[in-house]
Amino acid sequence: MAEEVSTLMKATVLMRQPGRVQEIVGALRKGGGDRLQVISDFDMTLSRFAYNGKRCPSSYNILDNSKIISEECRKELTALLHHYYPIEIDPHRTVKEKLPHMVEWWTKAHNLLCQQKIQKFQIAQVVRESNAMLREGYKTFFNTLYHNNIPLFIFSAGIGDILEEIIRQMKVFHPNIHIVSNYMDFNEDGFLQGFKGQLIHTYNKNSSACENSGYFQQLEGKTNVILLGDSIGDLTMADGVPGVQNILKIGFLNDKVEERRERYMDSYDIVLEKDETLDVVNGLLQHILCQGVQLEMQGP
């Protein structure tokens, strides 16, 4: 199968169990588009981690680096990042140990942002003026899913308003997209006063964070899943899907590559090391969808 799906021969692809990947891709192909849904993280998964050696901004960074944030606030947010990010990606701490730190980080950051008199109309401008970039091949990815009626569930611990605006400005915000994220709550005068619903951080991206969405229940029959993430916390994103039959987990290994490679290879079926494109995902989709059509035409 690895021979058939030429995209898996790419140098950035790591697989602990190629035979297992072969089986899963075969099952996804058999089910075709009718049975498939895609569940993805956003920051550093659909968006780029780096471009020309320079780090790209996350949905939070876009706001942090913008003109609408005071210098004072920016310094405080940067201090939080320097304190908590090493904890988030520390391979020697368990998720349980990291949890309280993540809640603390997100809560402090949200409180700082709420003091900034951010207005709803400013979001589009902030995104326009940022260095936000989606991964190479994003148009093919979003359009393929849309044209084949494959639901795309974006589960993000970032800022929903920002990432939605990025996708809109890239002209790929199609009706098959559903987003669960930290959405801003503006008061009647249009100023940011808080964030809606339950706080979503790196390590609670599971069914508990979106049980109220009822989203997966509507997708009965979509029992095959492609999951895309860039952190160990992303592995639970499909936990709310009832009756999953086949799931292919693809992980982008962007940072601290040496320290985290083994853990990622143990956790994800396919690991993409320092790969800033969606080539492998697009190649797999093409393979699954083409074969799905052929199988239908051939009959049982």
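A Cβ is built for glycine as well, from the same backbone N, Cα and C atoms used for every other residue.
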One of Lys98, Lys108, Lys205 listed by Swiss-Prot as binding substrate at the site of Ser156, Ala157:
Lys205
According to Swiss-Prot, Asp41, Asp43 bind Mg(2+); identify which of Asp161, Asp185, Asp189, Asp230 is listed for that same site.
Asp230
Candidate annotated in Swiss-Prot as N6-acetyllysine, out of Lys96, Lys256:
Lys256
Could you give the Cα-Cα distance between Ser156 (substrate binding site) and Asp230 (Mg(2+) binding site), in whole Å?
11
Once the chains shown are all counted, how many other Cβ atoms turn up within 10 Å of the Cβ of Asp230 (Mg(2+) binding site)?
24
Cβ-based neighbourhood (8 Å from the centroid) of the Mg(2+) site, residues Asp41, Asp43, Asp230 excluded:
Phe42, Met44, Thr45, Leu46, Ser47, Ser156, Gly229, Ser231, Asp234, Phe252
Sparsest-packed of the listed binding-site residues (Asp41, Asp43, Glu88, Ala157, Lys205) - C-beta count within 10 angstroms:
Glu88
So for Lys256 (N6-acetyllysine), how many other CB atoms are inside 10 Å of its CB?
12
Where the record names Ser156, Ala157, Lys205 as binding substrate, the maximum Cα to Cα distance in Å:
8
Expressed to the nearest Å, what is the distance separating Lys205 (substrate binding site) and Asp41 (Mg(2+) binding site) at their Cα atoms?
9
